[in-house]
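Quick look at what Swiss-Prot annotates:
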{"type": "ACT_SITE", "residues": "Tyr145", "note": "active site"}
{"type": "BINDING", "residues": "Tyr145, Pro146, Met147, Ala148, Arg149, His172", "note": "Fe-coproporphyrin III binding site"}
Amino acid sequence: MAEAVVTVDGWSALHDTRQFDWTSWKLISKEERQAAIDEFQQLISKWEAVEEEKQGSHGIYKVVGNKADFMFIFLRESFQELEQIKTEINKTKLGDFLIPGYSYVSIIEKTMHDPMKAGEDRELSAYVKEALKPTMPKWEHACFYPMARRRDPGVNWFEIEKEERTKLLYEHGMTGRKYAGKVKEIITGSIGLDEWEWGVTLFAHDPLQFKKIVYEMRFDEVTTKYAEFGDFIVGNFLEKEELSNHLSI
């Protein structure tokens, strides 16, 4: 029987997408709109203080395409905190116009064996600890997608021996290293938590790099034989100070 992977786990993650009710937004007064924006900016300031204390991280993105208008990404110590954030958003005046859409719940994880070091067990170095509880880069673009490993007869990731999985992931990691400085990623595990098995969040200064890295990785055996993907959501980073201009009528 194949050996299960042991993971070390970090912060909990929530990807929360919202449609914006522009029709209703246009019906309220300019003063009401500004009051709603001011209140929400105060909430963002609260999140910034949490990030400053390294107790969590967040990012807000204007979604490209019609899957959503906004994507909020939150990293926190617990699911209780993630649920509290969702509720805080809904209680604000702006929350009346932020219609809940797709969401994804997961936990940052690293496998205890490092495929980039011949499968040796990881040491919980400062680097690994930082990766488990990261500050999300405030780069211009983010891309999120869920994925799973195939469990088909004869092509079942969970039947492969640990050594073979390590080799395939090493090759996959070498492809990723080509994009160092161009793309950063956060991998979250979601088995038992959401519809897919993992979530992948990529950050880049140039969205073209999302296309390039995902395309090149499609040729890795770990992807060609064993990977399945959900929908991709791409967004542009929204600064707190931009909110008023973005929602102006």
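Glycine is treated like the rest: Cβ placed from N, Cα and C.
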Sequence-distant neighbours of Arg149 (Fe-coproporphyrin III binding site) in its chain (C-beta under 8 A, six or more apart): Trp157, Phe158, Glu197, Tyr226, Ala227, Glu228
For Fe-coproporphyrin III, whose listed binding residues are Tyr145, Pro146, Met147, Ala148, Arg149, His172, the greatest C-alpha pairwise distance in Å: 17
Rounded to the nearest Å - Cα separation of Tyr145 (active site) and His172 (Fe-coproporphyrin III binding site): 17
Packing count at His172 (Fe-coproporphyrin III binding site) (other Cβ atoms within 10 Å of its Cβ): 16
The residue listed as 'active site', number of other Cβ atoms within 10 Å: 19
Count of other CB atoms lying within 10 Å of the CB belonging to Pro146 (Fe-coproporphyrin III binding site): 23
Long-range Cβ environment of Ala148 (Fe-coproporphyrin III binding site), under 8 Å and at least 6 residues apart: Trp196, Glu197, Trp198, Ala227, Glu228
Number of Cβ atoms other than its own within 10 Å, given for Met147 (Fe-coproporphyrin III binding site): 16
